[in-house]
Structure formats: structure tokens, C-alpha cells
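Pulled from TrEMBL, these are the features on record:
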type	residues	note
TRANSMEM	12-31	transmembrane segment
TRANSMEM	92-111	transmembrane segment
TRANSMEM	131-157	transmembrane segment
TRANSMEM	178-205	transmembrane segment
TRANSMEM	320-341	transmembrane segment
TRANSMEM	361-386	transmembrane segment
TRANSMEM	398-418	transmembrane segment
TRANSMEM	455-479	transmembrane segment
TRANSMEM	539-559	transmembrane segment
TRANSMEM	571-590	transmembrane segment
TRANSMEM	644-677	transmembrane segment
TRANSMEM	735-759	transmembrane segment
Amino acid sequence: MAILGELGTEILIPVCGVVGIVFAVAQWFIVSKVKVTPGAASAAGGGKNGYGDYLIEEEEGLNDHNVVVKCAEIQTAISEGATSFLFTMYQYVGMFMVVFAAVIFVFLGSIEGFSTKGQPCTYSTGTCKPALYTALFSTASFLLGAITSLVSGFLGMKIATYANARTTLEARKGVGKAFITAFRSGAVMGFLLSSSGLVVLYITINVFKMYYGDDWEGLFESITGYGLGGSSMALFGRVGGGIYTKAADVGADLVGKVERNIPEDDPRNPAVIADNVGDNVGDIAGMGSDLFGSYAESSCAALVVASISSFGINHDFTAMCYPLLVSSVGIIVCLLTTLFATDFFEIKAASEIEPALKKQLIISTALMTIGVAVISWLALPAKFTIFNFGAQKDVSNWGLFFCVAVGLWAGLIIGFVTEYYTSNAYSPVQDVADSCRTGAATNVIFGLALGYKSVIIPIFAIAVSIYVSFSIAAMYGIAMAALGMLSTMATGLAIDAYGPISDNAGGIAEMAGMSHRIRERTDALDAAGNTTAAIGKGFAIGSAALVSLALFGAFVSRAGVKVVDVLSPKVFIGLIVGAMLPYWFSAMTMKSVGSAALKMVEEVRRQFNTIPGLMEGTAKPDYATCVKISTDASIREMIPPGALVMLTPLIVGTLFGVETLSGVLAGALVSGVQIAISASNTGGAWDNAKKYIEAGNSEHARSLGPKGSDCHKAAVIGDTIGDPLKDTSGPSLNILIKLMAVESLVFAPFFATYGGVLFKYI
């Protein structure tokens, strides 16, 4: 037996979750001290956070009252726009949630003809609960996961819009003060999401356990609905938010920067508010729901496999909760890591920002490795068995430690490779910038080549993780490797949310007419955030690959598939169709961005051409119309790609059976990961090549500029092409492969019983 008893487990998990939530609230309280009301910024106080420091505006004789009022007005406009969009989207998503919940209940309940009689257990002796009640509890867990995902995205958006103007105002005191505000705000989102996800999942397990009792097989089968609910909401958040933000971004860039030669975030640009709103609904709300879905799915995959292993058969509660214990340790490790950025060290120069963010990743990974070793020793028996496709595989507690550790360090490798290919501090992006000398065409060619090349090392890292973890602990090992990659999710989300917050801070500084020195500081924050956002996408895609494979293994186990034979026609047709799906999905999302951007460009041009005094700054643009265009387009265009992902497993499983569906899942996983990595890195490289030219921080960069030069215009075109790749199609693909896998797992009993209708008659 493990050293840590059941009582210790029941105390440790919720306590760690509550500590994370309390820490998030404490960080929010500190951020809230930065007031967006006139006069509060100069309040006395002192201390590390800069209260009482004199302001640049005071030094330059600018009016502090007007600056603060403008910042508050812009923040309100961004917050109201983001809230309005999410509420509109949630109305449509809510209707889908109710309909799909009914589908889950009907499909799973029909397996035994809606019988209320107990059934023999599949993997253990005794009688298990009726399929009807498993259908009911699966439906409840689906709704719970969906609601948690929506709340996570909404809270993340509200936190970001609360913090952006405060980051701008703190930039008047120094880049270090602004960095702390932005990072603390990101930490609020990171800890709230990771901690609440852990607490809700733990409470759900214990509530369901009151009914299921000793039937852990049925208990954890019903828990899989939690991951399905979280990921399905993430899909709509990612796709809808991505279409919204990129439609506004493309419209603002093509007309404002290229045609009118005005700065980014210039208040004269009609699309500027919609552009800043998009950062929050796409990169904040969408990313939050995405990583919550990954966490829920990897935990559910591990729990399903463990329930039919010795942990579940012997009713070892502590060992069964090992995935949740790893996440609990991750919260404490991330808490300590965050203090390094906000309290133990102080940023004094812009050049220190990016290294500080990268140190967060390194420190959290190193500390988490120690934490995983300790919890593996305390929570796991020295020897146990893990289910392995019909057999039980002998595993040691140190074996599982290596599974988690290999995923943890593979995530760090993927993150730094992503940074190398997307940061303008390194030669790949500088080469892309240099290619702009000969126009947009060569810029596009170099960017595509960079994206394809950037796939190589991450795929090898994922491959090594799969081989090591599967060799040690079969599919359970892969699920734990995925969870290892996500164990420092609170830090990852803090870093990822920091990017859009600092980007918005720069936009607010521009729109509020703040001094050039302030904009230089916010640009420095934004440049580092742009790179770390790409690192976050790399983490999300890498974890999605492992999560999908773990879910795939759980699916074939639940569906009773012993071997997936690629030479079988049923499997092979699934492979090629599955490999095609990411291309189909990408085409739909990119065309959606293009259609919405076309309307945005036309509207921005119309306003510049018809509103007298707009270019001169004597008249205000109509921001509301541009916000409405992005909102309407994203709501309308998110439905077809969402339907493609949600309906494919149901149609294939019902009509063609579990073997063909196995091929579809494998094909989508293999091609989807490659496309997602290359698309995200290509778009990130084009974006930072443009920023490299605009910043002009080196002799080489200055030779390509300044803003408005032919070289810069070519870079802007590349950045515009890359926008839907890095912020819509690429990030959404990791949800596609995860969502199809977890949906197949939830419906596996139905497909095993009734699937393959066409093949029965052909």
C-alpha cells in the first residue's frame, strides 16, 4: 500500500485547490490597487510595486487627469465589447449544450434498452450499475464540464480587460511595474482555472461515488463526460474567438497600416476597438477553455484506464487519484514559481522581460520534477498493474514518475523550440524579415518553409514521450505524460495571458495619446508576450497529441478493439479520411476569417472615405459597427467547423463501426499535430518578423525599415496572412483531435453495441 492514506488524499487535493484559488484572489487584490480613476495614480505609499513614484507624464508636463480618464474609457469599451460577444456566443453554445446532452443520454441509455437492472462488470467481478444511470451521470458530467469551461473563459476575459488599462498606467512608473501588473493578472487567470478545474473534478468524483459505491468501472466511465463538455465548449470559444479577433486584426492592418500608413492601434482606425476586444475573446477566453479541456481530458483518460487496472479493481483510492495529486502538486509548484517573477526578483529593464518569462518555465519544470518524485513515492504502491489491451502490465511507482517527467520535460523542449522559430531574437525569424527585401512573395515562401521545418524537433519529442511512457505503463503512461506536460498549467496560462494583456496595454497607450516613451515600454512588454504566447501554443499542441493518444487507447479498450490493423480496409479508409479532416477544418476556419475580414476592410475603407476629418483626427470613427461585424461573422462562421468536429465521430461510429472510427482518430491525430505546429509557428514568425522591422533595434533591422517602407509593407502582408494560421486554424486543430477522441470514448459502448450499420448490410 502507498504511504499516503485515503484520508491524506481527501485532505491534500481540495486543500491545494483552495490554496490556488486564494492565491489567485490575493493577486487580483494587489492588481486592483492600481486605480483607473484620476488622482489615484499619484497616491502616497511607496514599496516595491511603485505606489508614490513620480510619473513620466508629470515629468513631461502632461495632464494626468485626462490620461487616466481616457484609459478608463477605452478599458470600458473593450470590456463591454468582449462581454457582449461572449454573451451572444454563449446563447448559441447553450442551445447546443442542451441538445447534445440529450443526445448523450439517449445514445448511452439505449444500450440496454433504458433498463434499470444491473449488469455484469466487464473487467471485475460483481454487478455494475445499469447503463441508464451511467447515461444520466455522463450527461450530468458533460454539462458540468461545459459550464466550467464557459465560466473559465469568461472569468479569464474579465480579468484581462480589468488589467489592461492598469498595466498601461503602471508603465508610466517603469517597465518593471507594468510587467508585474500584467503577470499578476495572468496569474489570476492561471490559478483560478487550474484550481477550480481540479476542485470541481474532485467534488464530482466524490458525489458520483455516493451512488456508484464499489462500481468504479461505471463511475469513471461516466466521468469522461466532464472532458467532453470542457473540450466542446473550448472548440466554439477557440473558433469563434479566433474568427472575431483575426477579422478585426486583418481589417485594421490592411487599411490602417498598409493603405493609410497610420500606426497600429491608432484611435483614428475604426477597427481598433474590435481588434483589442479580439485579443481577449480569442487568446484569453479561447486559450483558457482550451487548456481546461486538455486538463479535463487527460485526467479522464488516466482515470478510465486506472479504473480497470489494479487501482480500480482493488479500490485503492489514493493510487486512483494519482492524476489529481500530480495536478495538486503542480498548483503549489506554480505558486512558488510565480513569486520569483513578482516578489523575489525585480525587472529593471526591457531586456530582462523575456528571460524572466523563460525562467518561469525552467523553474516550474525543475521544481515539478522534484514534486512528482515525492508524490509518486507517497501515493503509489511500490508495485501494481496497469490495464494494457486485455492484459495487466506490471509497473513500479518510479516507472510512473518517469512517465510524468518525460512529458514534463518534453513540453519544455517543445516550448523552447517554438520560441527559437518564432522569436525575432534568433536567425529563423530574422531570415524571414530579410526576405521582405524582395517583396511579400519571398516573405511568404520563407515563412512557410520555417513553419514546416519547425515541426521536426517537437514531433521527435512527442515520439520519444510516447515510446518511453507506453513502454513503462501502456496507455496510462501516455495519459500521465500528457498530464505532466499540463502539470504546470497555472504558470503556462499566466505567461500566455500576459501576452494579450500587454498587447492591449500598448493599444490603450496609443489610443489614449500617451507619450512615445510609454509606448516603447508597452511595446517591450508586447514583444516578449508575443513570443511567450507562441510557446503556450506549442505546449497546448504537444499536450493535445499525448491526450488524444491516451483517449484513443481508452476508446479502443472500452470499445473492445484488441488490435487496430492498418491493413484492414475498414481501418485504412478511416486513416485517410481522418488525415483529411484537419485540412477540411483549416479550410473552413481560414475562409471564415477571410470572409469576415473582407467585410471589415470594406467598412474601414468606407469610414475613412466618408467621415470628414477622420484622418485629421477631428472626427471619431464608428467603432460599434466594426465590433458588430466581427461579432456577427464569428457567431455565424463558427457553426460549420464545430458541426464537422462534433458530428464526425457520431456518423462514422454509427454507420461504419469502431474499427473505421479508430482509423479516423489515428489519421486526424497524425496529420492534425503536424498542421497545427507548422501553422502556429509560421504565423508567429511572420508576426515577429514585422515587429523586428518596426522595432529597429539592430543595424540589420534598421536597414529593412522604417515603418511604411516597402520592406515593412511586405512584412505586414505576411503577418496578415499568418493571423488566421496562428490564432484561428492552428490553435483550433489541437481541440479537433482531442474532442473527436474524447467524444468517441464517451460513446464507445454505443458504437460497440450498435455501430457499423452500413457494413452489416454490405
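The backbone N, Cα and C atoms fix where each Cβ goes, and this holds for glycine too.
Small disclaimer: the values here were computed from a predicted structure and weren't measured.
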Please figure out which one of 12-31, 131-157, 178-205, 398-418, 571-590 racks up the most CB pairs under 8 Å against the transmembrane segment (539-559).
398-418
With the greatest number of Cβ pairs under 8 Å to the transmembrane segment (131-157), the stretch among 12-31, 361-386, 398-418, 644-677, 735-759 is 735-759
Any chance the transmembrane segment (571-590) and the transmembrane segment (12-31) have 3 or more Cβ pairs under 8 A, given the pairs are 6 or more apart in sequence?
no
Other parts of the chain folded back onto the transmembrane segment (12-31), taken as Cβ under 8 Å at six or more residues beyond its ends
4, 49, 159, 162-163, 166, 181, 184-185, 187-192, 194-196, 198-199, 202-203, 321, 324-325, 328-329, 331-332, 334-335, 338, 342, 490
What parts of the chain pack near the transmembrane segment (644-677), using Cβ distances under 8 Å and only residues at least 6 beyond its ends?
100, 103, 232, 235, 451, 454-455, 458-459, 462, 538, 541, 544-545, 548-549, 552, 555-556, 559-561, 564, 566, 568, 570-586, 588, 729-731, 733-737, 739-741, 743-744, 747-748, 750-752, 754-759
